[in-house]
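Going by TrEMBL, these are the annotated features:
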| type | residues | note |
| --- | --- | --- |
| COMPBIAS | 160-176 | compositional bias 'Basic and acidic residues' |
| COMPBIAS | 196-215 | compositional bias 'Acidic residues' |
| REGION | 143-215 | region 'Disordered' |
| TRANSMEM | 9-27 | transmembrane segment |
| TRANSMEM | 33-50 | transmembrane segment |
| TRANSMEM | 62-80 | transmembrane segment |
| TRANSMEM | 95-112 | transmembrane segment |
Amino acid sequence: MANDLKSGIGYLIPAAGFIGFVTSLVLEMYLLSIILAVASILAWFLYMLVMESGMPSLMGNMILLFGILLSVGIFMGFGVKPNMWGGIEFQTEGSIFALVILFFSVLMGLSYRNLSQRQATSTIGSGLSGSDRDLVLDAIKQGQEESDSSTQPKVIVVKQELEQQKKEEKEEKQDDPYNMMNNPYFAYPPEYYYDYYDEDEDEDEDWDEEEEDED
């Protein structure tokens with residue numbers, strides 16, 4: 001609401017400049033009309049800068065209007081010259097300068113007008129004002145920071161699991177130090193042969209003890 005009020009008061013400056021421009025044209029004061037056209041649009045820009053008001057939707061139209069007024073003032077002041085017979089002679093330099101001013105003013109006015117229309121359609125499509133959009137962006141940033149902080153313990157858990165896997169691999173290597181599990185010359189697991197050798201050793205010991213008893 002305050003921004004609309006500032007913009008409404010600011011429109012008084014170009015309105016006063018337009019009235020002064022028309023008055024100076026009627027009085028055939030063409031140089032004054034050029035000064036009023038330039039001064040009014042510059043004063044309007046300075047007012048928006050000082051009051052920190054947003055760019056109005058009619059910015060492109062205002063630039064286009066005052067560009068046309070400026071080109072008309074330049075053409076009437078420097079592009080037309082009365083002759084001795086009461087007629088009018090066109091001055092080449094003034095006419096070309098007026099056309100150049102008209103071209104750039106139309107170009108800038110249309111570009112600002114398209115820009116304002118795009119901003120209006122984007123705000124309508126989103127359905128959010130500027131403050132609401134800032135709140136949404138802040139909430140998204142906070143959510144990203146929380147998600148980043150919550151993912152840090154997961155990295156630690158993964159490291160612990162890797163350490164446990166390394167420990168298990170070391171234990172498996174200690175159980176089979178000679179890599180007998182992958183030996184193709186053993187038809188049975190190495191444990192079978194170890195048990196068989198242990199039984200033979202026990203039988204040999206019992207046999208030796210019996211021989212000693214007989215002696």
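Quick reminder: no glycine exception, Cβ is built from N, Cα and C everywhere.
Long-range contacts of the transmembrane segment (33-50) within the same chain: residues 7, 10, 13-14, 16-18, 20-21, 24-25, 56, 62-63, 66, 69-70, 73-74, 76-77, each at least 6 residues beyond the stretch ends and with a Cβ under 8 Å from a Cβ of the stretch. Beyond its flanks by at least six residues, the transmembrane segment (62-80) meets 14, 17-18, 21, 25, 30-31, 33-34, 37-38, 40-41, 44, 56, 88-91, 93-95, 97-99, 101-102, 104-106, 108-110, 112-113 of its own chain at Cβ-Cβ distances under 8 Å.
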